[in-house]
Structure formats: structure tokens, C-alpha cells
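**Q** Below you'll find the structure I mean.
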Amino acid sequence: MTDLPDSTRWQLWIVAFGFFMQSLDTTIVNTALPSMAQSLGESPLHMHMVIVSYVLTVAVMLPASGWLADKVGVRNIFFTAIVLFTLGSLFCALSATLNELLLARALQGVGGAMMVPVGRLTVMKIVPREQYMAAMTFVTLPGQVGPLLGPALGGLLVEYASWHWIFLINIPVGIIGAIATLMLMPNYTMQTRRFDLSGFLLLAVGMAVLTLALDGSKGTGLSPLAIAGLAAIGVVALVLYLLHARNNNRALFSLKLFRTRTFSLGLAGSFAGRIGSGMLPFMTPVFLQIGLGFSPFHAGLMMIPMVLGSMGMKRIVVQVVNRFGYRRVLVATTLGLSLVTLLFMTTALLGWYYVLPFVLFLQGMVNSTRFSSMNTLTLKDLPDNLASSGNSLLSMIMQLSMSIGVTIAGLLLGLFGSQHVSVDSSTTQTVFMYTWLSMALIIALPAFIFARVPNDTHQNVAISRRKRSAQ
């Protein structure tokens, strides 16, 4: 990339800053949840909604981000994304109640939903095709550093300042990024087809109200009748989308995608698999602090081995899949993650704290292998004319399933615990034990889906790529 113009390199730095802000925010909040609950006078059982409100908003807004960038221009949308994310961060820090915090997190989510996909689109437009991979590696590197710094930085800020600072640190970075975007980034636009507003609204309503219904009386305090009503509205909205998308060439996501068997299996497995995996980043720091009495900073440090294991495994995951095939790898890693979850619970409750970093490192390795395998399985056989749509749908499903996973984790804590779980409670560790056992079962269930993946040991990633490049 040294032969790129200085202006292009600066534009890549702007995109990289956006990736860093978004990735840091996904992990820095988790460590601060118990302190937020204490400050806002809320039960820790309700704090999962701080994560859900952000991730669910990202899932809802993702399908519109690419169209908006093409229609309005990448500079305008990227600038808007940074401004909304920064304003959301400010409002989060100023929140005095949980409801105010949830609304501010949703505003952050609108910005976060546009920041990463529009950043990728920007790189595609400003960098020559032969240098695209190198450029994407450069801009996504800060996105890998964010999850590594997030838990420890969040714990440090909470322990030695207050939870408000996990949001306030975004403000100077956001201001610099917004100014640099206006000054340095070109405003590329493209001719766009008509946006499928009807399909977008149906999907948005379906995802949002079903997640709220799942949260139920434990999180939202709704009556059983209201929960049933929300569930009915959500199901009807999704059914109406299926009817809307049938034989509709302008649908947000074409149903032709599901004619590819590996896409259907991969998407179903990704949805179910990330529900289980989505529980872990939320539950682990909460368990360490409330269940075991760790300080916020200590709990944040304990999360670093998991991120290191995930980053380290990415270097060899392709060779692993090439050697053993998708079915074996996905079934083994799904069951393995369930067993590692049980191992983490057991070692923690037995007080073997010196073993926990090794267990979390192993958890990161297994989870990373499964994530990478699920992603490539889902997309590898799609025809070129459906690849972009399939990738967008997968991105949306990833965010939706993670929000559902966090919701279910909060629901399990509510089912097994009382309204106020605290470190001093004699039943707290029992509550967490039953919750972890239930999570391990949920994590293992997608193995039944992955067992239906064709036995492709000899039709692996490298071969599949060569076939597609030859077409």
C-alpha cells in the first residue's frame, strides 16, 4: 500500500478509526454492567438490555446501510454514522435511568450499523482491486485490537473512575473522525434501485418485537397477554415478509438464496450457534464480578486470553477445515464449546482461578474456529449474483442471533434467580451454576444442524475457492 496516494492512505485511517470505535464498544460495556446496575439502582438481571438495545438496532439497520451509502454518498453516510455514534455515546454517559440508557444505546446502534459496512464500501471505491485485500487487512486490524483492549479498559475505567467514561472516551475520537471525514473523504455515489421499504419495515418489526417478547416479564415487565401479542405481531410480520419476497426481484433478501443447501444449513447453524456464543461475552464478566467477587478490572483482564485465543486461531482455521471438512469441524467445535463452557463453570466454582485464563484461551480458539467455518460454509456456494445479498443477510442474522443470545442469558438468570442477585447472596453461585448448565445445553444443540452438512472433507475451502474463481 506504500504506492497509494497520501489522500487515500488518510481515508483508510479514517475508516480504521471507525472500525476501532465500533469494535471497542462491543466489548467495553460488558465489564461495566454490574457497576451500571448499582449506579442506576437496577437489578443486574435487567442490564442485558444495555447490550440487546445496541446489537438489535445494528441488526435492524444493517440492510439499509449499503443502499443509503450508494444513494446519499459514502462520505455523507460515514459522517452521519460517526456523529450518531458519538452523540449516542454522550447521551449514554448522561443517562440517569436505565430507559434513558437504552434509548441512547439504540442511537449508538444506528451509527454502528452504518459505520462498518459503509467503511468496507468506501475501501472498495478508493483502492484499486489488486490492493483491496491489503487495504481491508489494514483497516480491520484496529477492529481486532478493540475487543482485546475493551474488557480491560472498561474494567479499568469503572474501577478507577466511573462507568460513564466508557462512553465519554468515544467523544474526542468521534469529533476528530467526523472532521477528518468531511475534509478528506470523497463522496462517492452510485445509481441505486428502489429501496424495498416494505420488506425492510416488515423485517424490522418482526425482529424487534420477537426479541422483546422473548425478554418477557423478567426484563420488560410485560403481562403474559402483552407478550403473546408481541409474539403474534412478530410472527405475522415475518410471514408477511416471506409472502412479500416470493417472486419479488426487488425484495430486500431474495428467497432464491435458500435454494443453495449450504447457505440454508450455514445460515440456520449460524443463527442457532451465535445464540449460544452470544451469551458468553455477556455472562462471563457478570459471573466473575457478581458470582465470584472479582473487581471490574480483574474481570476485564480475565477476558483477554479469550480474545488472544480467537485471534491466534484465525491463522490456521483454513488448514483445519481443509484437513477435516466442514461437517466434522463444525460438529466438533460446537460440542467442544459446550464442554469448555462446562469446564469454565466447574473450575470457577471450585476456586481454581489460576486455571481460568487457560480455559478462556481454549474457549476463544474453539469459538473462532466455529465462527470462521460457519461464515465460509454459508457463503461459499452462492452464485455471484446472490453473493452480496447473502453476505448482507448473514451479517444481519449474526447481529440478531447475538442479541437473542444475550436476551436468553438474562432470561435464564431471571428464571433461576431472585430479583436482586448480589455477591453477598448465598444462592448466587447456585443461580449461576444452573444458568451455565442451561447455556452449555443451548450451545450444543446446533450440532444437530451441522451434522446435516454434506461430508466435504475432499471438497474443502481451497478447492471451493478455485472452482469459483474459474467460473
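Counting begins at 1 with the first residue displayed.
Just so you know, glycine gets a Cβ as well, placed from its N, Cα and C.
The topological domain 'Periplasmic' annotation in Swiss-Prot covers 1-11, 70-76, 125-137, 186-196, 246-262, 307-341, 417-430. Look at Swiss-Prot and you will find 33-48, 98-101, 159-164, 218-224, 363-395, 452-471 tagged as topological domain 'Cytoplasmic', backed by sequence analysis. Taken from Swiss-Prot, the feature transmembrane segment applies to 12-32, 49-69, 77-97, 102-124, 138-158, 197-217, 225-245, 263-283, 286-306, 342-362, 396-416, 431-451 (among others), supported by sequence analysis.
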**Q** Using a threshold of three or more Cβ pairs below 8 Å, and leaving out pairs closer than 6 in sequence, do the transmembrane segment (342-362) and the transmembrane segment (197-217) count as in contact?
**A** no
**Q** Would you list the DSSP helix, strand and coil counts for the residues of the topological domain 'Cytoplasmic' (363-395)?
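**A** The counts are 29 helix, 0 strand, 4 coil.
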**Q** What counts of helix, strand and coil residues does DSSP assign across the topological domain 'Cytoplasmic' (98-101)?
**A** 4 helix, 0 strand, 0 coil
**Q** Among 49-69, 138-158, 225-245, 286-306, which stretch has the most Cβ pairs under 8 Å to the transmembrane segment (342-362)?
**A** 286-306
**Q** Taking a Cβ cut-off under 8 Å, which residues six or more beyond the ends of the topological domain 'Periplasmic' (307-341) line up next to it in the same chain?
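**A** Here the qualifying positions are 27, 144, 147-148, 151, 269, 273, 276-277, 280, 359-370, 372-374, 376-377, 436, 439-441, 443-444, 446-447, 450-451, 453-462.
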**Q** Given the transmembrane segment (49-69), which of the listed stretches 138-158, 225-245, 396-416, 431-451 has the most Cβ pairs that are under 8 Å apart from it?
**A** 396-416
**Q** Pull the DSSP breakdown for the topological domain 'Periplasmic' (70-76) and write it out as helix, strand, coil residue counts.
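**A** Tallied per class, the topological domain 'Periplasmic' (70-76) gives 6 helix, 0 strand, 1 coil.
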**Q** Looking at the topological domain 'Cytoplasmic' (218-224) alone, can you tell me the average pLDDT?
**A** 66
**Q** Using a Cβ cut-off of under 8 Å, list the residues of the same chain at least 6 residues beyond the transmembrane segment (77-97) that approach it.
**A** 14-15, 18, 21-22, 25, 40, 65, 68-69, 103-115, 118-119, 122, 164-165, 167-168, 170-171, 174-175, 177-178, 181-182, 185
**Q** Select the range from 12-32, 225-245, 396-416 that forms the most Cβ-Cβ pairs under 8 Å with the transmembrane segment (286-306).
**A** 12-32
